[in-house]
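If you check Swiss-Prot, you get these features:
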DOMAIN    83-145  domain 'bHLH'
REGION    161-221  region 'Disordered'
COMPBIAS  165-184  compositional bias 'Low complexity'
COMPBIAS  193-213  compositional bias 'Low complexity'
Amino acid sequence: MTSICSSKFQQQHYQLTNSNIFLLQHQHHHQTQQHQLIAPKIPLGTSQLQNMQQSQQSNVGPMLSSQKKKFNYNNMPYGEQLPSVARRNARERNRVKQVNNGFVNLRQHLPQTVVNSLSNGGRGSSKKLSKVDTLRIAVEYIRGLQDMLDDGTASSTRHIYNSADESSNDGSSYNDYNDSLDSSQQFLTGATQSAQSHSYHSASPTPSYSGSEISGGGYIKQELQEQDLKFDSFDSFSDEQPDDEELLDYISSWQEQ
């Protein structure tokens with residue numbers, strides 16, 4: 001009985017061992033099939049390694065050369081620029097300079113009180129104005145001046161109209177005008193009379209006397225030795241001189257106007 005049991009046990013153990021071996025073989029066979037599906041890596045030779053190194057060097061070479069060229073270009077002096085580029089840069093610098101000078105002149109013509117009032121205590125009151133703020137304040141300042149001119153013109157026109165209405169109502173301007181005419185006529189009449197009297201005295205005959213003798217010794221004796229009255233003909237004198245005629249003609253023409 002014991003021999004039979006031992007033989008059965010050995011037989012079962014043998015079967016288990018064979019099955020395990022079969023499974024291990026099957027797994028090994030399956031793994032080898034999977035490895036065969038993947039392409040095996042070809043070992044690299046010396047020629048392939050050299051080709052790879054050359055390709056890497058060729059890729060790195062242009063990068064280094066471009067960096068070197070860029071570095072050298074930055075260090076190039078300005079004299080090596082193209083003439084067209086140099087002229088363009090000079091024109092641009094001149095334009096920027098003119099614009100800056102124009103804004104400086106504009107800031108100088110803006111009163112500081114106007115800048116402080118229009119900037120509302122902002123940047124313009126203490127610091128340098130920007131170009132945008134300068135233009136904005138200049139526009140507001142010009143508008144304010146234009147409004148002042150318009151208001152002044154309108155007020156002066158109203159004042160003229162009001163004064164004309166008042167003078168037409170009270171008649172004072174008319175009286176002043178009459179007074180001025182009367183004074184001018186009186187002046188012209190006096191001038192005419194003086195001119196006529198001057199011409200009459202110039203035409204009248206004038207007597208001539210001889211000189212007197214003065215004797216010494218404390219006694220003064222005047223003797224009229226000769227008294228020759230020389231009369232020129234009245235016809236030889238004209239009533240009016242040429243200058244008087246011109247003056248009278250001018251006065252008469254002025255009165256007729």
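Yeah, the Cβs are placed from backbone N, Cα and C, and that goes for glycine too.
The residues of the domain 'bHLH' (83-145), classed with DSSP into helix (H, G, I), strand (E, B) and coil, number 54 helix, 0 strand, 9 coil. If you take every residue in the domain 'bHLH' (83-145) and average the pLDDT, you get 85.
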